[in-house]
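Feature annotation from TrEMBL assigns Mn(2+) binding site to HIS119, HIS121, GLU126, HIS170. According to TrEMBL, the feature oxalate binding site maps to HIS121, GLU126. If you look up TrEMBL, you'll see CYS36-CYS54 marked as disulfide bond. Per TrEMBL, the feature domain 'Cupin type-1' maps to 77-224. Taken from TrEMBL, the feature signal peptide applies to 1-26.
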Amino acid sequence: MRTMVRKLPAILVAVLLALAVPLVVAGDPDMLQDICVADLKSLQGPLRVNGFPCKRPENVTADDFFFGGLAKAGDVYTGNPTGSSTMAADVAALPGLNTLGVSMARTDYAPWGGVSPPHAHPRATEILFVAEGTLEVGFVVTAAEGRTNRLLSRTVSKGEVFVFPRGLVHYQRSVGGVPAVAVSAFDSQMPGTQAAAAALFGAAPPVPTDVLARAFQTDAGVVETIKSKFTPK
């Protein structure tokens, strides 16, 4: 009985820690009022905050909570080397999402190989729903059963769902004879997207060529050729 009494505080501490973990690792801060529609014009001024300041309540309209951009298919053919097109419904497009901690995106894929290249979302987990077609999807884990950089992949068909954990590099590729469409949900109003190739070969200022040559175990000429395909933005 004494042993159980002595252990009880430790058990309570463990329970409290377990309950606190979701709060500690949550992506976006919790909202403090019913609505805080993003005042995107604030970007033109000197004030910068983690997120966006709120519009004055009298300036808020229903349109601040509406976005019709996901209804239209993206162009996956014209001047598009990857064969995919993504339209995001994040706080930049839908100001009413500010402080709500969620967003969505639609991605269209050309048949037979349209790809959303390896990328990561540093601020969000992604849950992907395949609305049309079939996708091969995958993400790379840093360690699993003693193996590093292990790829977990499979095909996902129409009506099925796949989850990409926050911050891990992942991709999607169309593997069917018809165009594919996927809708993704994120637990952040601005999940961020860092494409692996563009981040390394299209950074401004550029990542030094000799650094990339050593990292990829190739020569500087190859690195410069790849860099020429990524215009810094």
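Heads up, the Cβ atoms here are built off N, Cα and C, so glycines get one too.
Structure coloured by features recorded in TrEMBL.
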residue : record              : Cβ contacts under 8 Å, 6 or more apart
CYS36   : disulfide bond      : PHE52, CYS54, ASN98, THR99
HIS119  : Mn(2+) binding site : VAL169, HIS170, TYR171, THR193, GLN194, ALA195, ALA196
HIS121  : Mn(2+) binding site : PHE164, ARG166, GLY167, PHE186, SER188, PRO191, GLY192, THR193, GLN194
GLU126  : Mn(2+) binding site : VAL163, PHE164, HIS170, SER184, ALA185, PHE186, PRO191
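Sequence-ordered, the extra residues of this chain that approach the Mn(2+) site, with Cβ no more than 8 Å from the Cβ center of HIS119, HIS121, GLU126, HIS170, are ALA120, PHE139, PHE164, LEU168, VAL169, PRO191, THR193. Summarised by DSSP class, the composition of the domain 'Cupin type-1' (77-224) is 21 helix, 66 strand, 61 coil. For HIS170 (Mn(2+) binding site), the number of other Cβ atoms no farther than 10 Å from its own Cβ, over all displayed protein chains, is 24.
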